[in-house]
Amino acid sequence: MILKNTGGYLQVLNLNNFFTQDERRILYFIVFIILLSAGVRSVVPREEFEDIEEEEKIDIFPLDLNKATIDQLILVPGIGIKTAEKIIEYREKIGGFKNIEDLKNIKGIGDKKIEKWKEYLKIE
């Protein structure tokens with residue numbers, strides 16, 4: 001409900017008269033997201049992250065292709081969940097990768113993708 005000032009009188013406007021149920025859900029969701037993002041910004045000050053020194057930052061790349069999880073693989077640009085699942089499934093099937101070129105044996109992965117991923121992946 002919204003209060004509206006009309007010539008000294010307050011009228012209560014009912015949102016049900018203006019919006020459908022689906023539209024109201026969308027409005028509530030938008031308000032929720034706005035409030036949530038405002039709360040997150042106030043809870044975690046940016047200064048805390050700026051104080052981290054370079055040597056304290058963790059570099060996860062290059063990932064060991066034989067140990068990487070789905071969560072890690074999807075951090076590589078161009079690898080989505082489906083591709084990460086295919087990589088892990090193939091890795092388990094063959095007992096581990098011998099080299100990065102083994103990725104070519106996975107449907108949908110070719111030379112161009114492997115070339116882009118080389119800086120992010122390794123075999124130990």
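Just so you know, glycine gets a Cβ as well, placed from its N, Cα and C.
Annotated domain 'Helix-hairpin-helix DNA-binding motif class 1' per TrEMBL: 71-90, 101-120, in sequence order. Annotation comment: TrEMBL describes 26-44 as transmembrane segment.
Confidence in the domain 'Helix-hairpin-helix DNA-binding motif class 1' (71-90), given as mean pLDDT, stands at 94. Note on the domain 'Helix-hairpin-helix DNA-binding motif class 1' (71-90): residues 60-61, 63, 65, 102-103, 105-109, 113, 116-117, 120-121 of its chain, located 6 or more positions outside it, place their CB under 8 angstroms from a CB of the stretch.
DSSP assignment over the domain 'Helix-hairpin-helix DNA-binding motif class 1' (101-120) gives 12 helix, 0 strand, 8 coil.
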